[in-house]
Structure formats: structure tokens, C-alpha cells
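Take a look at the structure below.
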């Protein structure tokens, strides 16, 4: 899942599968360690075993976290490659054409064919290749929007496959293979329609990358470290964007760029995945106890701890029904639905606000990322600057989340972004003012990336356990709709996108103002607790 940047899922950074949990085994077998007659092993759920015996975040988890999170960089390459591949390059008049094309003309619209040419030739971008300008400019936004639509579908498909037969590592292998294939095929696209289809298919496979990576990176981490680890995964996404800037500089033509951005997926398959372990939680819920225990023993040994032979893993529900002292694992709650959410006035309002905030945040985050093509500055430098701003925002938000609370950060980061986006509307694209516009964009994405980073956790904490998965699924889908809309906003021109982003930031911050603070608050299991809290608040 992406902590939705949202797929970026945390929003469900890239694109989580709504309504799916790991609380029941999919294929429960009876494979258990063989004990001597009369011996009763100590049965612990995974969180307790990590806490008591293995270590919550030791050297094993650190190595595994870094290796698996590298996949986020791959997702960034396949997602943001459109910035360079679909850009509108500079053009110039053809000398001696005698058609009225001169330095005073600012647009190719209306000029006679042959009176002007693209700098770098038609291979410099898809826009130059197929003439996606003037009345055809909407096609650029369309192909980018369909990519994100593919992400939405792919996240649901690979989310389910990663929970079933393929597992986390199997699904990660599959999406990397598909990304490499679709990326290389895209470089051979003979026409716009083929290009459109291949970008949709690339989005389909890309939608599963961040999801599988996130689960592999965080599931072996202890409960008190898992939140910070999950939020820090987004730094790898920003690192991938920064890397893309360098790759695009070395490979300036769009066909070469698609090949170059696909090669890292092949390298990841060959050099990284062989050293990644399957999630022990996946083995556990499938009843493959021996495999799960092997990984837990490996974690304990690598972290310098000892896992006694008389200790074994158990599902949460088995531990809660067992007569031992460890009762901290959460019991399974009955699944809720949208009908259950709308029955409770307090929860209904919180859902509407959360959905709206996830939507506006995604529009701004992806919109600013893609809008660098309208800044008329050095594209490689602009993308690199935005990536650095994102990394700083992710790090700062992770540190401040438990100090200042969710609500102040949600309001502050969105309004911070809105202020600089609105300032970008009034900054011109001439001379030194281009630098000012570039800075406005970087500071705008700095603020919204901070929101994106903490939004998944905040959204999860707003709802009781019985409705949490349903609410998260709704918020995630809203974020994906925002990602689909963002490219269509970017094609509006140079001024209007900043205005739209500024308004979205202001509205999102206003919505967050009406949400309750959840830091250090009780996490309710049912709707009754929240309704009672609201009633008590009104009385006082």
C-alpha cells in the first residue's frame, strides 16, 4: 500500500486494494512444528514475537526494508517518465520559408506546415512525434490520465494476487517483469493509439509495485516502528524521481528514455529480488508455519537475539483464544460497509471530509509534479528540485507527526502549499521571474508532499476498527481519482493549473479544520465509542 503520496497509498501510497485484510488464512494447512507429547509451546502472534524475541527493527529489518523499498524508485521512473517523454519541446522558424514565421510569434498554432521545426527533431518527445499541440494538446493529458486509471485497476488486481497464490515476492516479480516489457514496447509505439494503450498497461503493472513493496518492507517490522517505517518508504519514490532527471538528461529522445527507464526493473529482478525474503505474515496466514518460523529465526539471529525453540507463531484469533499471557494482538472485527458508515452522523461527516481531502491532495501533488513542463525553466533541474523538496517534506513530517499532531499538520501543510501555488499564478515566466515560479512550485509540492505522507495514518485513525478498511478504501479511491484528474488540469496552460492547485490546497486545509485530532486518542473498535465521545463533547 502507498501512504497517499496514493495510490502514493499513507495514502495508500500508489494504490491499495480496498477491503482486503490479512486477518484470516487463505489456505490454512495443519503444518505445525512437532512437539513432544504433553509439551505446550508458547504461542505468540507475530507482533509479540518481534517485540519480545526477534527485535522490532534490527539489522535484518533495515537491510530488508532498503532492498524492498528500492521498488518505489522503479514506480517513480515508470510514473514520472511522462514528464520528459510527453513534454512540448522548443521550436524554431525555418530560415528562408517566407511564411511569416519570426521571433515575434509565440505559438506554432496557425503557422503553415514546414515554416517551423522542433528543436531536437521529432524524436525529442511524443508531442513532437505526433503533433500533440494546439487542438490536439488534450491528448497529452488523456494518455497521462489513462496511466493513472491503469494504476487503479492494477492495484486491486495485484493486491489480491499478493494475498493469495503469488505472494508478495511473486507479485513483485510479476509487476517488474511486466513493467520492463511494457516500457520497452512503449519505445516502439508506431502511433498515438498504440502509445496510449501501452501506457495504460504500464500503469496497470505499476499500480502493484508500491503496494507489494510496502507490504514486504513493513510486515516484518515491529508494531511501534511500523508507522515510521511506512512513512519513510516515500523517500525512495522521490529518490526515483531525482534519478529520472539524470536518466532523461543522458537519454534526451523519448524512445531511448522509455528503454532506459525500464532497464532498472530488469536489474532489480536480477540483483535485488533474490535477496528479498517472502513476508512471514503471508506464510502464517496460509498456514505454512515452518516457513514462517524459519524467517522469524533468521530475523532474531541477524538482530543478535535468541528465539527459543519452545515458542511458535499463531494467528491473532488463535492467540486471543489461547490460555497464555500474551493477549495484545487485536481480535478480528466484523467487516463494515458503506451503509454502516452512513448510519453514524459523526463517522459519515468524517468520511466525506477524508474523501475530499484525499482527492484534493492528490490533484495538487501529482499536478505540481507534472506541471513542471509549463514553467519554461530547465526541466531536469525543476524535476530534481521538486524531488529534493519531497524528500525533505517526507522526513520532516515523519519527525513532527507525533509532536504537533495530525490535524495541525494536515491544515498547515495544505495551506502552506496553497499560498505558494497562488503566488505562482502572479509570477511571470520572463527572465528572473522564472526562478520565482520554479520556487513556488517546489514549495507548493513541499507542503502537499507533507500532507500526502501523513494522510494515510490520519485517515486510519479517524475510524473505528469495524469500518476502518472500508473508509480507507474509499479515501484511496478518491486519491486515485485525483491522480487521474491532475494531468487534465496541467494541460490548461501556465496560469490556471497553479490557480486550481491553490484552491484545492485551501479547500483541503479548510476541510481538515473540521476533523478531530487523533494523536494519543483512543482507537475505537465500534461506532458507539465515537458517537458517545461526540455526545459527551456536546454536553460539556
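Cβ coordinates come from backbone N, Cα and C, glycine included.
Here TrEMBL flags 64-520 as domain 'Major facilitator superfamily (MFS) profile'.
The transmembrane segment annotation in TrEMBL covers 140-159 (among others). Long-range contacts of the transmembrane segment (140-159) within its own chain (CB-CB distance under 8 A, at least 6 residues past either end) are made by residues 7, 14-18, 20, 79, 82, 86, 88, 126-127, 132, 171, 174-175, 192, 195-196, 199-208, 211-212, 366, 370, 477, 480, 483-488, 490-491.
Counting same-chain residues at least six beyond the ends of the transmembrane segment (171-190), those with a Cβ under 8 angstroms from any Cβ of the stretch are 68, 71, 74, 78, 154, 158, 161-162, 198-199, 201-202, 204-206, 208-209, 212-213, 216, 254-259, 261-263, 265-266, 268-269, 273, 276. Residues or ranges marked as transmembrane segment in TrEMBL: 171-190 (among others).
According to TrEMBL, the feature transmembrane segment maps to 196-217 (among others).
Same-chain residues lying 6+ beyond the ends of the transmembrane segment (229-251) with a Cβ under 8 Å from its Cβ atoms: 2-3, 5, 8, 10, 13, 57, 61, 65, 69-77, 80-81, 83-84, 210, 213-214, 217-218, 221, 257, 259-261, 369, 379-381, 383-384, 386-388, 390-391, 394-395, 397-398, 401, 449, 452-454, 456-457. The annotation transmembrane segment is assigned in TrEMBL to 229-251 (among others).
Same-chain residues lying 6+ beyond the ends of the transmembrane segment (257-276) with a Cβ under 8 Å from its Cβ atoms: 64, 67-68, 70-71, 73-74, 77-78, 81, 84-85, 169, 172-173, 176-177, 179-180, 183-184, 186-187, 216, 244, 247-248, 250-251. Per TrEMBL, the feature transmembrane segment maps to 257-276 (among others).
Packing against the transmembrane segment (351-368) from elsewhere in the chain are residues 4-6, 8, 11, 148, 341-342, 386, 410, 414, 417, 421, 441, 444-445, 448-449, 451-452, 455, 459, 462-463, 471, 474-476, 478-483, 485-487, 489-490, 497, 500-501, 504-505, 507-508, 511-512, 514-515: each is 6 or more residues past its ends and has a CB under 8 Å from a CB in it. Residues or ranges marked as transmembrane segment by TrEMBL: 351-368 (among others).
Taken from TrEMBL, the feature transmembrane segment covers 380-401 (among others).
The transmembrane segment annotation in TrEMBL covers 408-429 (among others).
Residues 1-6, 8-13, 227, 230-231, 234, 238, 357-358, 361-362, 364-365, 368-369, 371-372, 375, 377, 381-382, 385-386, 389-390, 392-394, 396-398, 401, 406-407, 409-410, 413-418, 420-421, 423-424, 427-429, 472, 475, 498, 501, 505, 508, 515, 518 of the same chain lie 6 or more positions beyond the ends of the transmembrane segment (435-458) yet place their CB under 8 Å from a CB of it. Residues annotated as transmembrane segment in TrEMBL: 435-458 (among others).
Residues annotated as transmembrane segment in TrEMBL: 496-515 (among others).
Note on the transmembrane segment (496-515): residues 349-350, 353-354, 356-357, 360-361, 363-364, 367-368, 371, 374, 407, 410-412, 414-415, 417-419, 421-422, 424-425, 440-441, 444, 447-448, 451, 458, 462, 489-490 of its chain, located 6 or more positions outside it, place their CB under 8 angstroms from a CB of the stretch.
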